[in-house]
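Okay, structure first, notes after.
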Amino acid sequence: KFWGWEMKQREDSLMDGGDQFDNLEKHTQWGIDILEKYIKFVKERTEIELSYAKQLRVLCVHFCRYTACKAFLSTLNEMNDYAGQHEVISENMTSNITVELARYVQELKQERKSYFHDGRKAQQHIEICWKQLESSKRRFERDCKEADRAQQYFEKMDADINVTKADVEKARQQAQARHQMAEDSKADYSSILQKFNHEQHEYYHTHIPNIFQKIQEMEERRIVRIGESMKTYAEVDRQVIPIIGKCLDEIVKAAESIDQKNDSQLVIEAYKSGFEPPGDVEFEDYTQPMKRTVSDNSLSNSRGEGKPELKFGGKSKGKLWPFIKKNKGATPEDFSNLPPEQRRKKLQQKVDELNKEIQKEMDQRDAITKMKDVYLKNPQMGDPASLDHKLTEVSQNIEKLRLEAQKFEAWLAEVEGRLPARSEQARRQSGMFDAQNPATVNNCAQDRESPDGSYTEDQSQEGEVKVLATDFDDEFDEEEPLPAIGTCKALYTFEGQNEGTISVVEGETLYVIEEDKGDGWTRIRRNEDEEGYVPTSYVEVYLDKNAKGAKTYI
């Protein structure tokens, strides 16, 4: 009974060692799970930072030239830098935390696996030794019992007078054999017991403590590592705080640079027409004979004193500048429908565009010429004659563009020669036109005057008179709506709060009427009365090359 109790106690001890390994395995696996969760957390933070930076950059759309808009542009630039700092946060967290911890977790798993493998191996070894001890113990017990029975049988046979001497000798030899087997089992059991006690001592005092110590050190390194990663997490944010603060300071500085007076002056310079204000309209006394008197200061009057007032076509509504609206139709090539100052700006812009195109064609011609020289020196690279057609075509394009530029430069020089100086307040707009073609104006005025002093409605005379006063800023134009050149789909919701913009909702489909000219804005139309500009990055454009004059509205 005592032996059975002792063996049971030893079995429980071995099982307890196995349970400790199970507990440690669960705990270390929990530690690795915590690391992986932290890695996932940092990874999601980096994705949020990248997404936030991307959304900030979407807001950075450049437009306008007034101080308020320049301040806003500076704000957008600073926000662009601000977004860049969030990208830096994402990059640093990825490289310094996510990547490093992911590599460390893999190393930790391998190390943990090796420790538990050694522990399981030692546990299996001691269990095998224990089973060998149990087996030898049972064999020794069995042999002892067999020897006792053989001895008792021998003694019984030896006491029986009826048993032959040969049977007694045989029983004696069998009893001796059994005793010898018991002695051998005893020696074997003793040897195995000594070996087990040694292995058990090594197991509980050397192998297991060493393995547990290594697991403990591994777990402590894991705890230290996650603490260091949390410090790095905070430092990554702390490093960009000064730069973000500088960005915010620049935004405040940009806001303080707004100059409302300067903006107002820019508006004046942008929209001034170059016209002098019209004079007073004189009283027309209809109680006198039916003859209208005309104010010498009327906007549409020629400079000749006593000359009758001109009417602006048969469909004139009698409105005075600046409320006179120009006739519908295509814009003249020389922009003669615009006021002088606006016309000068348009012509200058056209001249600059043509000069850029000429320079581009000249660069292309130089490149073709160099290539032709290379072909002449190295015929195996290509046929020089194959470039002649292209060279001729480019030269013709340059000549056409130069003629076009000369035409616009002539118009520009004409306009600049007619524009009044800044200090001349007395020159009239009528005088500007008379300097161009006074005879035409006088003749037309005389031809259109009826005998009673009124004006005829002869439509054939409309084309002979060009009065700049009838054409004012584009704000008062009544032009035909531009045809749709394609469609677009809104990728994001845009609140069009500025003048000239239009609000769109994510997923909405609209018509494109003007492509992005390089300023980051696309002109779109929702219906006949709703059109405006949206940032190009907010929409996905599908151009229809066949849609030349379509007027279909959503």
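Numbers run from 1 along the shown chain.
Yeah, the Cβs are placed from backbone N, Cα and C, and that goes for glycine too.
Bear in mind that the values here come from a model prediction, so they are computed numbers and not experimental data.
The coiled coil feature in TrEMBL is assigned to 154-185 (among others).
Per TrEMBL, the feature coiled coil maps to 344-371 (among others). Mean pLDDT for the coiled coil (344-371) in this predicted model: 90.
Residues annotated as domain 'F-BAR' in TrEMBL: 7-263.
Within the domain 'REM-1' (337-414), the DSSP-based counts of helix, strand and coil residues read 72 helix, 0 strand, 6 coil. Look at TrEMBL and you will find 337-414 tagged as domain 'REM-1'.
Taken from TrEMBL, the feature domain 'SH3' applies to 483-544.
What TrEMBL lists as region 'Disordered' is 442-462.
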Counting by DSSP secondary structure, give me helix, strand and coil numbers for the domain 'SH3' (483-544). 3 helix, 32 strand, 27 coil
